[in-house]
Amino acid sequence: MMCMKALEALVSPQTLFYTSNEPFITEFGATLPELQVAYRMWGRLNADKSNVIVICHALTGSADADDWWEGMFGTGKAFDPSEYCIICSNVLGSCYGTTGPTSPNPATGNRYGADFPLITIRDMVRVQHRLLTALGIERIKLVVGASLGGMQVLEWGFLYPEMAQALMAMGASGRHSAWCIGQSEAQRQAIYADRHWNGGSYAPEQPPNHGLAAARMMAMCSYRSFENYQERFGRTMQQGRQGALFSIESYLHHQGRKLVERFDANTYVTLTKAMDMHDVARGRGEYEEVLRSMTLPIEVLSINSDILYPMEEQEELAELMPNASILYLDEPYGHDAFLIEVEKVNQMVNDFLNKLE
């Protein structure tokens, strides 16, 4: 059973923390009186501070990019600490050290829980910008990320085009589709249906784990593909805790149990709502015209088997943004291919970095 202390223990000992006592006003006007940002750094800044790479993580990720993208780090790899200063921060609203629903609310002394405000991808990027400014960084060579991370990459290009030299967005769209919003809402409803949910005001020692596990099981079905699951599991059976199970059932139960050991339900709700709010055109004009206004070089990575963010969405981005190019990851693993085909993704990022030299 996950509790808040257990979540704190999941923050790696290499994690650094930035604290800001300057109030943060969210896009929709809520005030966070103070911020804590958990982040990791690899490598060192060069003399003119021009070698910074910013990595943006996905929904249940953390600042530990060398863990979840391990094959991307090392000598000769895309994220080479001997060449670059690489920074990854835990997003606003998460539960791995950055201010979010599991953080103490200064007004009450208790954790925010359900009182944590609605946030957006833009809020996440603005917090990252505050961190980088505090670190004395004025220029970023590349902002790169996938899924929720890819959404952050796009917002970096619109919010701070003078700071980022180039962008690389993987498995993401310029705005969340009805299909994705529906997936998110179904997962949230699974959490809400848990008897321990209590409107989000659940006891830390008794969280809605059944609901969160069910949400994860649903999500895992959208992160992969028909071809991948059919090839990997088919209709094979195996013995499980509840007797004979299809192998796919056992796998999904395992994934659900794993997530509740490392994540928080309010955090899941907060971040999926932020993803649903994703729309680079909100408040900026017509969608197509906003994309045409993007001036930065951007490489868009499309995964051919991704059922969440299909190729048509990345092709639209590449067609409308004037300095965009598109790459295709032709693999059967679905949306999660960016985490599975790391060697190929590493080569793509490396090639793009070489073009920027």
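Each Cβ is built from the backbone N, Cα and C atoms, and glycine gets one as well.
What you are looking at is a predicted structure, and each value in this text was computed from that prediction instead of being measured.
According to Swiss-Prot, the feature domain 'AB hydrolase-1' maps to 51-340, an assignment based on sequence analysis.
Here Swiss-Prot flags Ser147 as active site, nucleophile, drawing on sequence analysis. Summarising the environment of Ser147 (active site, nucleophile), the number of other Cβ atoms within 10 Å of its Cβ, over all protein chains shown, is 25.
Annotation source Swiss-Prot lists substrate binding site at Arg216, Asp336, citing sequence analysis. There are 24 other CB atoms within 10 A of the CB of Arg216 (substrate binding site), with all protein chains counted.
Summarising the annotation, Swiss-Prot assigns active site to Asp306 (among others) and lists sequence analysis as the type of evidence. The secondary structure of Asp306 (active site), as reduced to three states from DSSP, is coil rather than helix or strand.
Summarising the annotation, Swiss-Prot assigns active site to His335 (among others). The secondary structure of His335 (active site), as reduced to three states from DSSP, is helical. A C-beta separation below 8 Å, combined with a sequence spacing of at least six in one chain, links His335 (active site) to Ser147, Gly171, Ser222, Tyr223, Arg224, Ile303, Asp306, Ile307, Leu308, Tyr309.
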Cβ neighbour count within 10 Å of Asp306 (active site): 27
Same chain, 6+ residues apart, C-beta under 8 Å of the C-beta of Asp336 (substrate binding site), given in sequence order: Tyr223, Arg224
